[in-house]
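Some features that TrEMBL has for this protein:
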type	residues	note
SIGNAL	1-19	signal peptide
DOMAIN	10-128	domain 'Thioredoxin'
DOMAIN	130-244	domain 'Thioredoxin'
DISULFID	Cys168-Cys171	disulfide bond
DOMAIN	480-596	domain 'Thioredoxin'
DISULFID	Cys516-Cys519	disulfide bond
Amino acid sequence: MKIYFYSFLFSIIFILIRSDEPTIENGIYVLTDNNFDSFLEEHPTVLVEFYAPWCGHCKQLAPEYEKAAEELGDSVPLAKVDATVEKILAERFEINGYPTLKFWQKDHEPIDYDGDRDAQGIVKWLKEKTDPDYKPPPEEVIALTEQTFDDFLGSNALTLVEFYAPWCGHCKKLAPEYEKAAIRLKAHGIPLAKVDATIEKKLAELYDVKGFPTLKIFRNARRFDYDGPRDADGIVNYMIEQSKPAVKFLNHSSADKFISKDDVTIVGFFGSESVPLYDAFVDAAERTRSDFSCYYVTDPSVIKEFKVKAGTITIFYPKLFVSKYEKSTKDFPKPTATTEELLTFYRENATPLVGHMTRVNSATRYSRRPLVAVYYNVDFSLAYRDGTQYWRNKVVDIANKYKGKFYFAVADEEEFAKELEAVGLGTSGLEQNVIIFGVDGKKYPMDPDKYDEDLEENLIAFLKDFGKGKVKAHLKSQPIPKADKGPVFTLVGNNFEAIVNDESKDVLIEAYAPWCGHCKAFEQPYKQFATKLTKQEPNLIFTKIDATENDLPEKYKVEGFPTIFFAPAGKKDDPIKYTGNRDSNDLLKFLKDNAVKSFQSEREKEKDEL
């Protein structure tokens with residue numbers, strides 16, 4: 001009987017042990033959070049596909065992936081992870097799209113698969129990576145240093161430069177896309193370069209690099225911020241557009257066709273291309289080429305046709321947005337101008353009384369405050385234009401009464417669904433939702449329980465209440481910790497300003513995400529660093545905030561995790577973003593260089609020595 005009992009017990013233990021073993025589907029190992037790490041220990045060289053069952057591209061890849069597994073046999077196993085189920089793994093490896101394929105090789109960090117998406121391409125790519133005699137082709141992305149930077153830019157009319165840090169997760173994610181873009185753009189004569197900002201600190205400081213990766217366009221050695229996509233296709237298309245002239249010439253035959261039907265158009269009318277105003281116009285166009293369509297005219301007959309004088313710069317508004325309260329054009333009021341004056345003129349006049357805010361233009365056209373944004377089903381295509389204009393015209397009438405006090409825009413509720421949900425308006429039940437973006441950087445949503453009439457009544461009452469200070473700002477916040485003894489204090493939305501804006505203290509802030517691997521790795525060293533310094537410097541406060549669950553003030557822009565800010569006394573309105581290495585020596589030097597209330601004894605000692 002005992003023999004049967006022990007045999008049964010052994011069978012149960014064996015089943016439990018084997019329960020974490022991956023199953024195999026058509027030659028592909030199926031991995032989960034429970035067996036992922038143990039599988040990689042047993043198979044240190046493996047290609048893993050992170051997929052979603054509903055993803056069309058994943059379905060298209062599946063048969064090719066299975067063919068590749070069959071051809072490779074046991075030489076390189078292929079595996080897959082359902083990222084919609086194994087969310088911890090998806091967050092751990094920062095999976096943001098499907099399918100994402102990552103390759104692990106013994107003693108190396110995983111790299112993104114960037115080969116063809118067919119069986120032959122997968123097999124070829126893996127054989128190249130696993131062949132001990134294989135040597136990767138030289139990178140097309142040019143590594144620049146302080147010594148080579150100026151000469152390289154001087155010899156290329158248009159260049160894209162990435163400032164990166166080797167430890168930065170976002171930089172690692174960008175690297176294969178950036179290299180693929182460099183290969184394709186070589187045929188167009190547009191080189192891509194990179195600068196290790198942790199080594200070339202003078203270059204990073206010179207070009208105002210405050211986070212990683214930072215991309216800048218250099219055109220004839222002049223720099224412009226890159227605000228385009230971060231994938232290979234997007235980078236290629238964006239840079240090809242950047243290679244085209246910022247201003248287009250209008251002749252007699254094209255003059256009546258250039259005005260956009262749904263966006264503003266800027267036209268410069270010049271007697272010749274040699275006048276100073278033309279140079280300022282072209283310069284301004286270069287700096288706004290992603291935001292405006294700019295044209296110029298030198299033909300006297302065309303200038304006469306538009307009933308303007310040479311030396312005039314005009315903004316043309318699309319008929320779609322011109323109301324009875326507005327003119328269809330706006331002329332720059334001076335005969336001469338600097339580039340900065342033109343840019344200011346564009347910024348202040350590029351939007352109609354009530355324009356159309358989109359994800360593309362929200363950060364540029366609609367950055368002025370206070371902004372009243374009205375969200376509903378906005379669609380200016382011919383089939384839905386009348387319905388969209390019906391509600392916009394109601395907003396126009398109200399906007400005219402508040403001209404000079406507020407800026408106004410309409411926006412599509414689906415396009416900004418996440419933003420509406422973030423302020424509690426995701427399921428408001430109202431046909432139109434409203435958010436006021438205040439000059440204080442806060443968001444003021446219109447409460448659907450209080451304002452439940454039609455749009456006109458709601459909006460008028462809401463604006464009146466806002467003017468009287470009766471509208472509360474929305475602030476996403478976790479509960480304030482009841483007992484927080486430090487040495488790293490926990491910030492939340494509701495206590496951020498009270499702690500950080502204390503003028504008697506210098507405050508260091510780490511904005512983190514709970515799922516971020518870099519944040520987890522930094523947690524213990526940060527705590528040890530804080531423990532040591534808090535004893536020496538009582539006026540130096542160390543803090544952390546979960547930026548995924550709490551709103552930070554607008555001046556604290558978190559573009560990756562972790563992001564570290566320093567708010568010294570007297571400079572609370574202008575926090576400093578830390579861009580150095582996450583080690584105690586660099587961080588200590590940064591604090592000493594920027595502290596006000598802390599490290600005073602050391603500064604006094606240095607003065608005495610001088």
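Cβ coordinates come from backbone N, Cα and C, glycine included.
TrEMBL annotations: computationally assigned, not manually curated.
Averaged across the domain 'Thioredoxin' (10-128), pLDDT in this predicted model comes to 87.
For Cys516 (disulfide bond), the count of additional Cβ atoms within 10 Å of its Cβ stands at 19 [all protein chains shown]. Cys168 (disulfide bond) and Cys516 (disulfide bond) are 12 Å apart (CA-CA, integer value). Within the set of disulfide-bonded residues (Cys168, Cys519), the lowest number of other Cβ atoms found within 10 Å of a Cβ is recorded at Cys168. Distance noted between the C-alpha atoms of Cys168 (disulfide bond) and Cys519 (disulfide bond) is 11 Å. Cys519 (disulfide bond) and Cys171 (disulfide bond) have their C-alpha atoms 16 Å apart, to the nearest angstrom. Cys168 (disulfide bond) falls within neither a helix nor a strand when secondary structure is assigned with DSSP, and so counts as coil. DSSP assignment over the domain 'Thioredoxin' (480-596) gives 36 helix, 26 strand, 55 coil. For Cys171 (disulfide bond), the Cβ neighbour count at a 10 Å cut-off comes to 21, with all displayed protein chains included.
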